[in-house]
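I have placed the structure first, in the form of structure tokens, so that the comments after it can refer back to it.
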Amino acid sequence: MPPRSLPNLSLPTEASESELEPEVWENDFLPDSDGTTAELVIRCVIPSLYLIIISVGLLGNIMLVKIFLTNSTMRSVPNIFISNLAAGDLLLLLTCVPVDASRYFFDEWVFGKLGCKLIPAIQLTSVGVSVFTLTALSADRYRAIVNPMDMQTSGVVLWTSLKAVGIWVVSVLLAVPEAVFSEVARIGSSDNSSFTACIPYPQTDELHPKIHSVLIFLVYFLIPLVIISIYYYHIAKTLIRSAHNLPGEYNEHTKKQMETRKRLAKIVLVFVGCFVFCWFPNHILYLYRSFNYKEIDPSLGHMIVTLVARVLSFSNSCVNPFALYLLSESFRKHFNSQLCCGQKSYPERSTSYLLSSSAVRMTSLKSNAKNVVTNSVLLNGHSTKQEIAL
């Protein structure tokens with residue numbers, strides 16, 4: 001039988017009524033399998049997938065952070081946020097994924113009360129850092145494309161770094177209740193045996209899981225996604241309008257700026273798409289269980305859906321470096337140079353990916369055929385680049 005980290009939903013009704021389905025992000029329930037083949041596959045395949053996720057994720061995210069820290073040309077506002085994403089992913093890969101993989105080798109929760117308090121909070125913190133950073137990145141792209149003249153020209157790296165720290169502070173604070181209410185409980189079984197499990201809320205009534213799942217879905221998925229969608233609606237509208245209304249004398253200059261900004265907007269949008277694709281099944285599954293925990297199918301099919309959703313959610317922590325590698329020429333060159341025996345990174349001077357730090361002409365895309373709004377800001381050698389160095 002698969003490891004019993006959580007209550008078995010196939011228990012009699014009397015027992016089920018007093019046992020609440022734990023959070024899908026922490027010590028998920030695995031239904032009983034009907035044979036040893038499924039058990040063998042689960043115990044071998046899933047931990048192997050987790051090992052691949054951890055290895056690939058650590059390599060990609062560590063390399064990403066190293067490139068941004070060691071190359072001054074890569075230190076831009078968006079890259080600070082992208083590094084923040086990588087840091088959150090590293091936290092998840094180093095803590096939550098190994099703990100989750102251990103469920104396939106142990107039948108009970110083996111990390112004690114302290115682990116039960118910390119692991120759920122760490123995972124929620126990591127998810128918060130990811131989704132809030134993606135929202136901040138979308139807001140940055142909105143300002144760069146729709147309102148470029150509203151962007152700061154001095155102290156921007158410090159200010160952006162403070163924003164990144166603020167994202168971590170908010171994410172930790174929002175995860176505090178998870179640490180407060182998570183507890184190790186002994187769960188009874190229909191064969192008069194019992195096992196310990198870590199659950200994220202008190203075992204009192206069925207209202208707690210419903211409130212918990214709805215809040216998680218709203219705060220860590222739906223609300224940020226709506227905000228990001230609004231930003232990208234205005235970004236798309238501005239880019240489409242500017243493509244038709246730019247006069248001929250500004251076409252060449254503004255076309256390069258538009259391509260640079262559109263490229264970064266595309267990268268951020270891919271990050272958002274990966275996050276939605278990887279986490280949406282987990283959120284939906286948790287909502288379904290929270291509102292129908294007495295009726296959940298304990299079959300092998302339901303177990304497979306659970307495992308797929310779980311693997312997908314953790315996979316999100318290793319996909320961003322791949323997306324960046326495919327979409328960013330400069331990151332790809334730096335990454336390849338790091339892999340090739342630590343050779344010196346390529347100096348980044350490509351105007352299609354990096355704006356000069358000595359003089360940057362910031363042109364508003366809000367223009368029309370009759371009245372072109374063209375604003376220029378000259379930045380000295382110590383000023384910070386407003387566009388991504390990708």
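Every residue, even glycine, has its Cβ placed from backbone N, Cα and C.
Remember, predicted model here, so these are calculated numbers, not experimental data.
If you check Swiss-Prot, you get these features:
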{"type": "DISULFID", "residues": "C116-C198", "note": "disulfide bond"}
{"type": "CARBOHYD", "residues": "N8", "note": "N-linked glycosylation site"}
{"type": "CARBOHYD", "residues": "N192", "note": "N-linked glycosylation site"}
{"type": "LIPID", "residues": "C341", "note": "S-palmitoyl cysteine"}
{"type": "TOPO_DOM", "residues": "1-41", "note": "topological domain 'Extracellular'"}
{"type": "TOPO_DOM", "residues": "66-79", "note": "topological domain 'Cytoplasmic'"}
{"type": "TOPO_DOM", "residues": "100-117", "note": "topological domain 'Extracellular'"}
{"type": "TOPO_DOM", "residues": "140-156", "note": "topological domain 'Cytoplasmic'"}
{"type": "TOPO_DOM", "residues": "178-211", "note": "topological domain 'Extracellular'"}
{"type": "TOPO_DOM", "residues": "236-266", "note": "topological domain 'Cytoplasmic'"}
{"type": "TOPO_DOM", "residues": "288-299", "note": "topological domain 'Extracellular'"}
{"type": "TOPO_DOM", "residues": "328-390", "note": "topological domain 'Cytoplasmic'"}
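Looking just at the topological domain 'Extracellular' (1-41), the mean pLDDT is 43. If you draw a 10 Å sphere around the CB of C198 (disulfide bond), it holds 26 other CB atoms from the protein chains shown.
C198 (disulfide bond) carries a strand DSSP state (E or B).
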